[in-house]
């Protein structure tokens with residue numbers, strides 16, 4: 001971690017805490033109610049990520065990284081994670097509609113289990129005792145929240161489908177863990193430029209979803225049928241841009257926090273975000289969820305701090321995906 005925690009580091013850390021703590025609620029409030037087609041939100045989010053990724057690439061390295069770019073190479077390295085990323089985003093937005101932000105943020109950490117196992121298998125990174133303990137704690141918190149009968153009852157009263165929200169979240173987390181491993185492989189082993197890959201992921205995700213929407217439209221199913229019967233922007237307004245912008249800018253925020261105060265500092269910013277989310281959702285905290293909050297904080301501490309050596313390459317994986325851990 002940097003020896004100085006100045007205004008710049010504090011500014012980016014504050015933004016990261018806010019985004020991590022409140023992104024589920026921001027999306028649920030501004031983009032989940034009136035927008036008729038979930039895929040439309042993600043397509044536009046992907047295009048925004050193309051813009052942010054290319055801007056960052058041009059500012060840092062100019063056009064040098066684009067000179068050797070080929071479509072075949074790009075599809076080979078970014079195509080599969082982009083397809084996974086598109087499905088993950090669909091599951092995430094569906095989860096936002098069914099469960100509160102705090103529950104989502106805790107359940108979503110189960111992606112670290114998938115990522116750890118796959119990184120061990122494909123990249124050969126061994127487990128240390130603190131990391132094993134961290135994964136065990138995450139498993140416990142996932143089970144506590146999944147079987148919480150009070151949350152089931154609570155969300156039923158709020159017209160939410162808690163079991164489906166849990167399923168969507170765990171599915172998104174699993175896909176996220178797989179996609180993160182693929183991205184990490186490209187960054188570490190194949191030396192892919194992180195900003196270029198971020199733009200590629202956003203573009204190909206948007207393309208995959210557009211193909212999905214057009215196919216559904218022809219068949220009269222799902223989002224495609226909704227769009228064909230109304231319009232691509234049905235239900236959109238000025239506020240819909242809020243979650244799109246905050247999600248798309250997430251990668252830049254993660255990258256800046258990592259640059260100014262390192263991976264450990266990033267972990268502390270995420271912990272602050274989790275605490276803020278817990279405060280906002282205090283009226284919805286059951287005893288199982290209440291236990292899960294400090295447990296997941298302990299898991300963060302074990303994963304990011306205890307016995308962990310800095311790994312600059314792995315810290316930019318979240319920045320490439322535009323997600324936080």
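The backbone N, Cα and C atoms fix where each Cβ goes, glycine too.
Noted in TrEMBL for the protein shown:
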- 129-147: transmembrane segment (TRANSMEM)
- 167-187: transmembrane segment (TRANSMEM)
- 194-211: transmembrane segment (TRANSMEM)
- 231-254: transmembrane segment (TRANSMEM)
- 261-279: transmembrane segment (TRANSMEM)
- 285-306: transmembrane segment (TRANSMEM)
Best-packed against the transmembrane segment (285-306), counting Cβ pairs under 8 Å over 129-147, 167-187, 194-211, 261-279, is stretch 129-147
Which bits of the chain, at least 6 residues beyond where the transmembrane segment (167-187) starts or stops, bring a Cβ under 8 A of a Cβ in it?
77-78, 80-81, 84-85, 87-89, 91-92, 94-95, 98-99, 103-104, 107-115, 117-119, 122-123, 142, 146, 194, 197, 201, 313-314, 316-317, 320-321, 323
